[in-house]
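Asks: According to TrEMBL, the protein carries these features:
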{"type": "REGION", "residues": "1-31", "note": "region 'Disordered'"}
{"type": "TRANSMEM", "residues": "43-66", "note": "transmembrane segment"}
{"type": "TRANSMEM", "residues": "78-96", "note": "transmembrane segment"}
{"type": "TRANSMEM", "residues": "108-127", "note": "transmembrane segment"}
{"type": "TRANSMEM", "residues": "147-167", "note": "transmembrane segment"}
{"type": "TRANSMEM", "residues": "179-201", "note": "transmembrane segment"}
{"type": "TRANSMEM", "residues": "292-313", "note": "transmembrane segment"}
{"type": "TRANSMEM", "residues": "325-346", "note": "transmembrane segment"}
{"type": "TRANSMEM", "residues": "352-374", "note": "transmembrane segment"}
{"type": "TRANSMEM", "residues": "394-414", "note": "transmembrane segment"}
Amino acid sequence: MAEIEPLLQSTGAGEVQPAEHEEQANKSTSTKSKAARLASLDVFRGLCVFLMMLVDYAGSIFPIIAHVPWNGVHLADFVMPFFLFVAGVSVAIVYKKVSNRVDATWKAVLRALELFLLGVFLQGGYFHGINSLTYGVDIERIRLLGILQRIAIGYIVAALCEIWLPCQRWRHDGLPKIYISHWCVVLSLCTIYLGLLYGLYVPNWQFRVVQSPSSLVTANNSHVYTVKCSVRGDLGPACNSAGMIDRYVLGIDHLYAKPVYRNLKECNISSHGQVPQTAPSWCHAPFDPEGILSSLTAAASCIIGLQYGHILVQLQDHKERLHNWSIFSFAFLGLGLFLAFMGIPLNKSLYTISYLLVTSACAGITFCILYALIDVCGWRWLTCVIEWMGKHSLSIFILITSNIIVVTVQGFYLRSPDNNIVHWIVSLVVHK
């Protein structure tokens with residue numbers, strides 16, 4: 001567990017200082033040489049965890065904060081980009097001095113692999129939660145991608161950029177080093193993403209829904225649906241190339257079985273989460289919002305966070321840091337809104353370019369505000385609880401956000417398995 005903490009948690013490996021001050025810092029007293037965590041970074045990470053808990057447990061009660069079914073953004077749609085952003089910032093701190101690139105690469109790969117496998121274990125369907133007091137998953141139907149897996153992918157891409165791609169030192173007064181090669185990677189990822197999203201032809205496709213997954217597949221307990229597409233460049237939930245790539249590469253049985261687009265009015269989903277047979281065929285289909293194609297732009301989001309981390313490491317003056325962060329943030333925001341106005345929708349499930357830019361901008365603006373309030377003005381006492389959550393973000397994610405605590409509490413019941421406190425709360429609050 002300790003090996004993967006740096007992915008969701010800053011290491012505190014030393015004071016965040018510009019490169020030209022490192023030698024001077026090493027000669028300081030032993031007290032000053034001790035690790036000094038950046039409080040606003042912990043608070044930002046804690047805010048991500050808090051927002052995830054809020055939208056997960058209150059989203060069914062207040063739909064305005066839950067994920068948008070398809071195009072658009074609600075509060076929940078900012079959580080994943082915020083996690084990727086702060087992971088990128090942390091990469092700049094962790095790898096600000098690399099003495100052995102090969103060794104650093106192996107460590108980064110190992111950390112990413114551990115986080116990826118942890119995500120498969122937590123979100124692959126092994127824990128059944130409030131639906132059943134059982135555990136276990138059919139490996140033919142295990143979900144392969146998810147939240148932690150996406151963070152792992154973004155982390156390893158950003159880490160490899162930081163370890164192996166040098167910066168171009170364009171020296172200007174008040175400006176940090178310009179990492180041209182990193183921005184070239186971002187541009188390449190976005191270009192490949194756009195080429196595949198708009199260029200691939202999506203034919204008609206079929207899938208089978210099994211009513212009782214634990215039993216044998218027969219004509220009586222399964223239904224075959226056909227989705228008519230025969231299009232190219234479609235950005236709807238039924239015929240986009242992102243879903244096609246996942247179905248071909250991962251297999252449809254390894255995708256998320258209850259995608260959020262089921263909440264679209266076309267699907268006419270019931271209060272108990274059931275899609276009627278009369279709904280369009282694609283409403284019954286699995287779709288993974290953390291799929292392969294959207295992972296390209298998600299990794300770009302992590303690299304953008306890495307650039308904010310460079311400013312943090314290389315500049316010491318508060319005003320210079322805030323100035324450069326603000327330039328990045330408002331430039332991304334303006335460009336993202338312009339692309340949305342031109343017809344590229346804000347879409348979390350597809351992680352569109354406009355969504356990438358707008359959410360990265362919002363993450364940057366939020367980080368600027370927290371940095372100004374906490375590290376500049378010294379109002380740290382206002383966010384002590386959120387800061388604590390940021391320091392223990394991975395543990396909280398495992399225990400609470402991944403429902404480990406919920407499953408544990410649910411295991412204690414009175415006489416009947418349905419007579420437990422979790423089932424009682426859900427029946428009283430959610431179903432009312």
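Every residue number used here counts from 1 along the chain in the order it is shown.
Including glycine, each Cβ sits where the backbone N, Cα and C put it.
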Asks: Determine which residues of the chain contact the transmembrane segment (108-127) at the Cβ level, with the cut-off under 8 Å and only residues 6 or more beyond its ends counted.
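Replies: Cβ under 8 Å, 6 or more out: 3-4, 6-7, 95, 135-137, 141-144, 146-149, 151-153, 155-156, 159-160, 163, 398, 402-404, 407.
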Asks: Per the 3+ Cβ pairs under 8 Å rule, pairs at least 6 apart in sequence, do the transmembrane segment (147-167) and the transmembrane segment (43-66) touch?
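Replies: As far as Cβ distances go (cut-off 8 Å, pairs 6 or more apart), the transmembrane segment (147-167) and the transmembrane segment (43-66) do not touch.
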Asks: Give the nonlocal contacts of the transmembrane segment (179-201) in its own chain as ranges (CB under 8 Å, at least six residues past its ends).
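Replies: Same-chain residues near the transmembrane segment (179-201) but 6 or more away: 157, 161, 165-168, 230-233, 235, 240-242, 244-245, 293-294, 296-297, 299-300, 303-304, 306-307, 310, 350, 353, 356.
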Asks: Restricting to the same chain and to residues at least six past its boundaries, which positions have a Cβ under 8 Å from a Cβ of the transmembrane segment (43-66)?
Replies: 8-10, 74-76, 78-79, 82-83, 86, 260, 366-367, 370, 374, 383, 385-391, 393, 396-397, 400-401, 429-430
Asks: Which sequence positions outside the transmembrane segment (78-96), separated from its termini by at least 6 residues, show Cβ-Cβ distances below 8 Å to it?
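Replies: 6-11, 13, 16, 19, 38, 41, 44-45, 47-48, 51-52, 55, 104, 108, 147, 150-151, 154-155, 158-159, 162-163, 290, 298, 301-310, 312-313, 348, 355-356, 359-360, 362-364, 366-367.
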